[in-house]
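Peer 1: Sharing a structure here in structure tokens format.
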Amino acid sequence: MFDLSGKAALVTGASGGIGGDIARTLHRAGAKVGLSGTRRDPLNALAEELGDGAYPLPCDLSDDDAIKQLPKDAADAMGSMDILVNNAGITRDGLMMRMSDEDWDAVLDVNLTAVMKLTRASLRGMMKARWGRIVNISSIVGATGNPGQVNYAAAKAGMVGMSKSLAQEVATRGITVNCVAPGFIETAMTEKLTDQQREAMLEQIPAGRMGAPDEIAAAVLYLASPEAGYVTGATLHVNGGMAML
Amino acid sequence: MSEGDIKERVRKIVVEHLGVDEEKVVDNASFIDDLGADSLDTVELVMAFEEEFGIEIPDDAAETIQTFGDAVNFIKGAV
């Protein structure tokens with residue numbers, strides 16, 4: 001089950017906590033993995049850790065030309081690109097009253113527009129191969145909203161609508177498009193919380209704990225697998241019961 | 001590039017992409033009605049033509065390319 005031998009996956013944001021575990025999990029399942037991110041050192045370290053079949057592919061997703069080039073580089077390095085995991089994301093939190101255009105634009109550009117552009121540039125090979133898996137990492141806040149995150153929530157909700165539309169466009173080609181929506185996961189992004197914030201948050205999670213990055217990776221593995229071929233346009237919520245959608 | 005060359009290269013793309021017999025790819029053969037293409041196939045064909053001939057086919061022009069003959073005529077004017 002969930003064997004990815006012979007498949008090649010590109011994971012964006014692979015230098016982060018969740019992205020790194022997604023790459024590890026897909027690699028363990030037999031896939032070659034292209035590790036994309038802006039910071040070279042963690043990508044190289046992860047590639048070294050994984051060994052054969054892992055390729056660092058640094059890319060700045062705010063650079064249009066770099067986005068166009070990335071799927072080509074991935075296919076050159078791995079021989080093909082069958083699985084795309086759009087995991088890279090940024091936050092620029094702030095209440096809307098005080099949100100600058102720059103903070104709105106930056107989050108929408110990286111978390112939504114770049115996902116569209118990278119996915120568009122990746123579709124060609126999947127269409128030709130008549131097989132493909134696109135897994136977009138959304139967020140619980142795309143469904144529930146979150147004060148201070150109008151930009152992030154808008155981008156993550158937009159990602160779900162985009163995924164459902166694309167899923168309908170390419171379903172006949174053996175390509176599935178799905179989202180995984182993490183709740184609160186232990187990463188650098190959530191380490192910034194104060195103890196008080198953390199406690200208040202845990203009270204809202206029936207499971208009584210934060211999630212682990214590898215619990216997100218497991219959901220991605222399923223959606224990337226041949227076994228999930230009949231699942232498309234779906235959002236898999238992994239949030240300890242925090243929102244039951 | 002002669003019209004014959006263009007025809008041959010376009011025909012090869014159509015045959016490969018749609019998996020149809022070469023004899024069926026005649027001038028007035030409609031990609032959708034006669035050759036079994038769906039809307040996504042027509043987009044893929046246009047992109048394949050662009051790649052093969054190094055040209056750009058704008059969306060409004062792509063919409064007018066309904067048949068094999070339409071494609072050949074457009075490309076003839078564009079290369």
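Heads up, the Cβ atoms here are built off N, Cα and C, so glycines get one too.
Curation does not apply to TrEMBL; its annotations are automatic.
From TrEMBL, for reference:
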DOMAIN    A:7-183  domain 'Ketoreductase'
BINDING   A:Thr38, A:Asn87, A:Tyr152, A:Ala153, A:Ala154, A:Ala155, A:Lys156, A:Ile185  NADP(+) binding site
ACT_SITE  A:Tyr152  active site, proton acceptor
Peer 1: When you tally the Cβ atoms that lie within 10 Å of each candidate's Cβ, which of the binding-site residues (A:Ala153, A:Ala154, A:Ala155, A:Ile185) has the highest tally?
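Peer 2: For the binding-site residues A:Ala153, A:Ala154, A:Ala155, A:Ile185, the Cβ with the most other Cβ atoms within 10 Å is A:Ala155.
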Peer 1: For A:Ile185 (NADP(+) binding site), name the DSSP secondary structure in the helix/strand/coil scheme.
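Peer 2: Once the DSSP labels are grouped into three classes, A:Ile185 (NADP(+) binding site) ends up as strand.
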Peer 1: So how far apart do the NADP(+) binders A:Thr38, A:Asn87, A:Tyr152, A:Ala153, A:Ala154, A:Ala155, A:Lys156, A:Ile185 get, largest Cα to Cα in Å?
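Peer 2: Value for the max Cα separation, rounded to a whole number: 23 Å.
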Peer 1: Can you count the other CB atoms that lie within 10 A of the CB of A:Thr38 (NADP(+) binding site)?
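Peer 2: The answer is 19 other Cβ atoms.
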Peer 1: Please work out the number of neighbouring Cβ atoms within 10 Å of the Cβ of A:Lys156 (NADP(+) binding site), leaving out its own Cβ.
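Peer 2: Its Cβ shell of radius 10 Å holds 26 other Cβ atoms.
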Peer 1: May I ask which residues of the same chain, at least 6 positions away in sequence, place their Cβ under 8 angstroms from the Cβ of A:Asn87 (NADP(+) binding site)?
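Peer 2: Counting only residues 6 or more apart in sequence, the Cβ neighbours of A:Asn87 (NADP(+) binding site) under 8 Å are A:Val11, A:Thr12, A:Gly13, A:Ala14, A:Gly16, A:Ile18, A:Gly19, A:Ile22, A:Ile137.
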Peer 1: Which chain-mates of A:Tyr152 (NADP(+) binding site) that are at least 6 residues away have a CB under 8 A from its CB, listed by sequence?
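Peer 2: Looking at Cβ-Cβ distances below 8 Å from A:Tyr152 (NADP(+) binding site), excluding near sequence neighbours, one finds A:Gly89, A:Thr91, A:Arg92, A:Asp93, A:Val107, A:Asn111, A:Ser139, A:Val141, A:Asn146.
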Peer 1: What kind of secondary structure is A:Ala153 (NADP(+) binding site) part of, going by DSSP in three states?
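Peer 2: In three-state terms, A:Ala153 (NADP(+) binding site) counts as helix.
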